[in-house]
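Take a look at the structure set out below.
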Amino acid sequence: MAKTNSTSKNNKLEIKSVFAYQAFDSRGFPTVACEVVLNDGSKGLSMVSSGASTGEKEALELRDGGTKYHGKGVTKAVNNINKKIGPKILGVDATLQTQIDEFMIELDGTKTKAKLGANAILAVSMAVCRAAAKSLNLPLYQYIAKKVAKVKGADFILPVPMLNVINGGAHADNTIDFQEFMIMPVGAKTMAKALQMASEVFHSLQKLLKAKKFNTNKGDEGGFAPNLKSAEEALDLMSQAVVDAGYALGKDVAFALDCAASEFYSKEKQAYVFKKAVKAGILSEEKGTKTTEQLISYLEDLTKKYPIVSIEDGLDENDWKGMESLTKKIGKKVQIVGDDTYCTNPELTSKGVSLSATNSVLIKLNQIGTLTETIQTINIAKKANWTAVVSHRSGETEDAFIADLAVALSTGQIKTGSMSRSERIAKYNRLLAIEMQLGNKAKYLGSKTFYNLSTPAATPKKSPAKKTTKAKSKK
């Protein structure tokens, strides 16, 4: 990479060394870690996450194949950093984030980053960013906002968390086909209060599951993974847990779903098959199979019964017409999030905007592979009056970069797992630290985060059984 005029031997932001190694994610599989050191000694360490249910259009995560680690090793990606990327960015000003990212994209030369690996490129992108922030003595979120994304304004919006309390689909070995059942503390006024509410509902749910003789095993993202008969049963249990914790459904705590419908879409049948429920004998194959229209109607019915404010990947990632229909039908009151459809790709997100396919985009750094392209996607969504939800992956690490990213871009929402497993809690603890640091400059919007919906978080028509002692909305 060509050096710029701003770079000299005396420039404290000059990249001095780049070193990558193989670390482990929360599932015990290898992942890429990278350390970038600047001339002044400032260090930036990054660790890349990995998904279980992945979109067809994601940038390529380079794995070794073979027998070691069941083919999941990442020594190829590590070597690409140490031998191909690192040597070419030595001496470059670390604040040139966009130029460094664009150089790595050009060096790779493929549309999906298949040559060097998106996991290799992202590890360097994140580590460079963190090293520069440390050198300038700026919190990471502030550095990203002011120096990388060029965000204007003094206030930062803290994200409303989507907490995955019941896991299914590819994230759990149980009978539920929908992948994530989440709670959102929309009635809170601060991040601290939001996480208090989330913790209390989470533990109330655990007590409820035990009382009803369900197992309380955990899925990949820290939520419970009981064998349930339907999405309704999961939502009923969540509703009861909210009431047991002393909160009001819809007003204090709303629900969000990640259907991950591509995982149970049958190309052969051109239909959606709840295969886990069918395999368990809960549903016959006939009753467990739905057309696009039937699945849309089913999702609409769920939003009428429960305080669901967000549905992610309600249909197959390539079912553009179906997504348009879903958004047209319930998109005024429910956030319709595209994950696998867009894969944090600016071009695909622009296509979705032009079609009004959804009204929100999920943001996953490793789907696209650079911080620069991630910011581009968020900006495309915001310009279209869409929301953007910053997200973790099921194979996570203790790296809390996404917490800073959500605050830096004021996305207003973050999806980063349940109230268990330290790789998930690391993000929440980071958000608490940011809130304390910002003081009165920190804004938590609650239900107002759904700025493009007309009537979010409506009170559900279906109410759970009352708590033994009358539940009151906690203030």
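Including glycine, each Cβ sits where the backbone N, Cα and C put it.
Among Asp177, Asp220, Asp339, Asp340, only Asp339 appears in Swiss-Prot as part of the Mg(2+) site alongside Asp258, Glu312. Record check: Swiss-Prot places Lys364, Arg393, Ser394, Lys415 at the (2R)-2-phosphoglycerate site, and the matching candidate among Gln99, Gln142, Gln179 is Gln179. Within 8 A of the CB centroid of the Mg(2+) site residues Asp258, Glu312, Asp339, the other residues of that chain are Gln179, Glu180, Leu257, Cys259, Ala260, Ile311, Asp313, Val337, Gly338, Asp340, Leu362, Ser391, Lys415.
The two recorded residues, Asp339 (Mg(2+) binding site) and Lys364 ((2R)-2-phosphoglycerate binding site), have Cα atoms 8 Å apart. Largest Cα to Cα distance within the recorded (2R)-2-phosphoglycerate binders Gln179, Lys364, Arg393, Ser394, Lys415: about 17 Å as a whole number. Spatial neighbours are here defined as Cα atoms within 10 angstroms of one another, and by that definition the neighbours of Asp258 (Mg(2+) binding site) among the recorded positions Gln179, Glu221, Lys364, Arg393, Ser394 are Gln179. For the pair formed by Glu221 (active site, proton donor) and Gln179 ((2R)-2-phosphoglycerate binding site), distance between Cα atoms is given as 10 Å, rounded to the nearest Å.
Distance from the CA of Glu312 (Mg(2+) binding site) to the CA of Arg393 ((2R)-2-phosphoglycerate binding site) is 14 Å.
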